[in-house]
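The annotation repeat 'TPR' is assigned in TrEMBL to 35-68, 72-105. Feature annotation from TrEMBL assigns repeat 'TPR 1' to 35-68. Per TrEMBL, the feature repeat 'TPR 2' maps to 72-105. Annotation source TrEMBL lists repeat 'TPR 3' at 120-153.
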């Protein structure tokens, strides 16, 4: 049984009802509907911390989805799972792939910056300040792109850029 039919909480049930109505009203192919169902089930599993199940649903949605914009969000969510699991290299790969299809995802740029900043912090702890600076510089570039797309967001990143004199 699809996850969308077994969700117990009110928000998931409401989202499922609205999504089902939209799928009936908006002209879509059966493949697009099926891809969306897998995507929705992936989001539901992800929100509950069931990452393996979420990934299965996202991979199936990727197999069925043809629209690059929609694929970008699936790839972004796969990146989120890898980030949560501490798999930073994989996460960066999926964020890059999402941005190839949709370069207007500030949240992907932000998450990439957060990973780069984290790796920079790890390099400092290991006593490698040169490597750390390279990671921090990369983080700054990603945060600048996120801020350019959504001015007024990412205030902490904006402040970090100012404090570290990386904001131009």
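Each Cβ is built from the backbone N, Cα and C atoms, and glycine gets one as well.
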Per-residue pLDDT averaged over the repeat 'TPR 2' (72-105), given as an integer: 98
Helix, strand and coil totals (DSSP H, G, I; E, B; other) for the repeat 'TPR 1' (35-68): 28 helix, 0 strand, 6 coil
Secondary structure content, the repeat 'TPR' (72-105) (per DSSP, counts of residues): 27 helix, 0 strand, 7 coil
Residue counts (helix, strand, coil, in that order) that DSSP gives for the repeat 'TPR 3' (120-153): 27 helix, 0 strand, 7 coil
